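First comes the structure, then the notes that go with it.
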Amino acid sequence: MLDFFTIFSKGGLVLWCFQGVSDSCTGPVNALIRSVLLQERGGNNSFTHEALTLKYKLDNQFELVFVVGFQKILTLTYVDKLIDDVHRLFRDKYRTEIQQQSALSLLNGTFDFQNDFLRLLREAEESSKIRAPTTMKKFEDSEKAKKPVRSMIETRGEKTKEKAKNNKKRGAKKEGSDGTLATSKTAPAEKSGLSAGPENGELSKEELIRRKREEFIQKHGKGLDKSSKSTKSDTPKEKGKKAPRVWELGGCANKEVLDYSTPTTNGTPEAALSEDINLIRGTGPGGQLQDLDCSSSDDEGATQNTKPSATKGTLGGMFGMLKGLVGSKSLSREDMESVLDKMRDHLIAKNVAADIAVQLCESVANKLEGKVMGTFSTVTSTVKQALQESLVQILQPQRRVDMLRDIMDAQRRQRPYVVTFCGVNGVGKSTNLAKISFWLLENGFSVLIAACDTFRAGAVEQLRTHTRRLTALHPPEKHGGRTMVQLFEKGYGKDAAGIAMEAIAFARNQGFDVVLVDTAGRMQDNAPLMTALAKLITVNTPDLVLFVGEALVGNEAVDQLVKFNRALADHSMAQTPRLIDGIVLTKFDTIDDKVGAAISMTYITSKPIVFVGTGQTYCDLRSLNAKAVVAALMKA
């Protein structure tokens with residue numbers, strides 16, 4: 001039983017609707033529009049919303065959307081046939097009204113489609129009932145029944161052939177092991193000569209061995225060296241004392257060499273950092289987050305130089321290109337198949353996950369199928385333009401994270417703004433936490449760093465080093481004696497959730513604006529550590545949960561994000577589990593134009609990329625520019 005069936009235009013006008021079991025179809029259809037149609041995720045024609053399964057079909061020629069909804073616990077095999085039949089009949093019946101494509105004509109039009117729909121629904125249900133059951137194949141008709149007889153016939157003939165081949169190979173191996181270089185005709189004679197001692201005698205054997213040795217040396221050319229080595233090895237070596245190895249920093253070094261403690265000047269470690277402040281800070285405005293720029297001046301100059309030649313080529317070869325024009329033609333899947341295959345391979349080469357590349361190309365095919373092209377548009381340009389629009393739309397997800405605005409809102413409520421960083425091992429969580437701390441300090445917010453990585457050795461010391469250097473960049477003297485950055489740590493082996501709770505309470509009492517919680521790196525399959533992370537997030541309810549991921553990963557990004565979200569949902573004790581809110585993409589300066597990880601991560605989670613790490617100084621932090629990333633992704 002269907003819950004509803006609705007037909008509406010891409011402009012939002014509902015042309016016709018059938019209400020079955022469900023009272024209203026507004027909520028599920030709006031969720032479909034927000035999550036699938038507007039986000040360019042049309043690779044799969046089904047969508048699940050709460051207890052309903054929605055299937056849809058796009059008519060790109062007339063800009064129509066056909067949606068059917070039913071309970072997801074039901075298995076209705078006739079839904080695909082029904083939606084195709086309704087699409088075909090509705091388009092043919094009201095072609096004149098739809099071709100006007102004006103909102104006023106669609107509003108004034110009367111689409112009496114109830115009786116036709118009920119007839120198609122009844123036919124679809126009956127066809128599914130009377131569908132012929134699949135009959136089991138007989139054993140006599142299968143390949144397995146024919147295989148034993150054929151294999152017996154083949155193996156009898158093959159055994160003799162294999163025996164002959166094996167005998168030949170064994171004979172060749174024996175001849176090779178003896179080192180004979182003579183032909184097959186003379187070989188038996190030589191063997192007989194070797195065996196016949198009375199005819200040849202001992203001298204003949206020596207001559208034969210010497211002759212074979214010379215032939216072997218001439219053939220391989222390395223026997224002389226080996227023989228010389230063997231003669232050298234026969235001579236006994238004079239035993240001498242081994243020279244003692246002198247280590248650069250050995251035990252005999254003096255105390256000055258072994259002293260690794262930081263030099264103290266007037267008892268302040270900040271004075272030792274004064275000469276390295278510019279190196280630590282980096283160049284650029286720290287308080288202003290710049291957009292990511294993936295293009296270079298060389299690429300721009302190349303594109304500018306190629307534009308005139310391209311225009312000349314199109315004008316000069318106009319008549320030769322007329323065969324490739326598809327003006328005033330509706331696109332079909334056969335037309336786009338070869339282009340989409342090239343686009344899919346291009347995306348995979350640019351580090352997009354393989355499954356996501358397939359879904360993107362399928363979404364573009366559904367979007368363009370049946371669409372009438374322009375006069376001088378080719379299939380390649382149309383598909384490429386549609387793919388670029390889809391990629392830009394994916395990188396601009398539903399929610400936009402504005403940390404500065406949210407921190408000011410938390411200040412008005414007199415509470416600290418809490419951010420939790422999570423991710424796998426070695427992706428740069430602590431480093432990018434320090435970059436974000438510097439960015440917040442440059443904007444005038446005080447930061448408390450909570451060292452909740454009680455698992456990895458050296459994690460607390462790493463954060464202590466960052467805190468000391470950030471304090472040197474923003475000393476209390478510049479802020480009226482107020483401590484702008486401080487580390488809250490309780491050592492190793494403690495409960496991370498308890499440390500985070502104490503840090504938030506300490507920040508509230510001391511008046512800190514932001515609390516940045518550093519967590520231990522963990523693999524997505526490590527159940528105990530994922531349970532501890534879910535406990536930390538559930539107990540402390542942070543304002544923002546950021547997943548830190550590398551820009552180097554491809555298919556692994558999909559597995560990491562899916563399993564992190566699944567683990568947070570499974571191990572959470574709350575009724576509505578808290579999932580990942582945003583993404584921090586690190587090591588973006590090491591991938592050139594292979595920026596596909598940004599597409600993979602955003603497509604999987606529908607969450608925005610909040611920050612992008614582009615270097616090793618505190619200023620190397622950027623915000624994502626969707627158009628620049630897509631331009632780098634589509635660059636050949």
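For all residues, glycine too, the Cβ spot is worked out from N, Cα and C.
Thr303 is the residue among Thr96, Thr303, Thr311 that Swiss-Prot labels phosphothreonine. What Swiss-Prot records as phosphoserine, among Ser24, Ser142, Ser297, is residue Ser297.
From Ser128, Ser195, Ser295, the position flagged in Swiss-Prot as phosphoserine is Ser295. For the residues Ser46, Ser228, Ser296, Ser332, Swiss-Prot attaches the annotation phosphoserine to Ser296, which does not rule out the feature elsewhere. Most Cβ neighbours within 10 Å, among the binding-site residues Lys429, Arg522: Lys429 holds that distinction in the structure as shown. It is Thr519 that, of the recorded positions Thr519, Thr576, has its Cβ surrounded by the most other Cβ atoms within 10 Å. Sorting the binding-site residues Gly423, Gly426 by the number of other Cβ atoms within 10 Å puts Gly423 first. In this structure, Thr519 (GTP binding site) belongs to neither helix nor strand by DSSP; it is coil. Cα of Gly423 (GTP binding site) to Cα of Thr576 (phosphothreonine): a span of 21 Å. Checking each of the binding-site residues Gly426, Lys429, Thr519 against Thr576 (phosphothreonine) by C-alpha distance, the shortest gap belongs to Thr519.
A C-beta separation below 8 Å, combined with a sequence spacing of at least six in one chain, links Phe588 (GTP binding site) to Leu292, Ala551, Val595, Val612, Gly613, Thr614, Arg622. DSSP assigns Phe588 (GTP binding site) to a helix.
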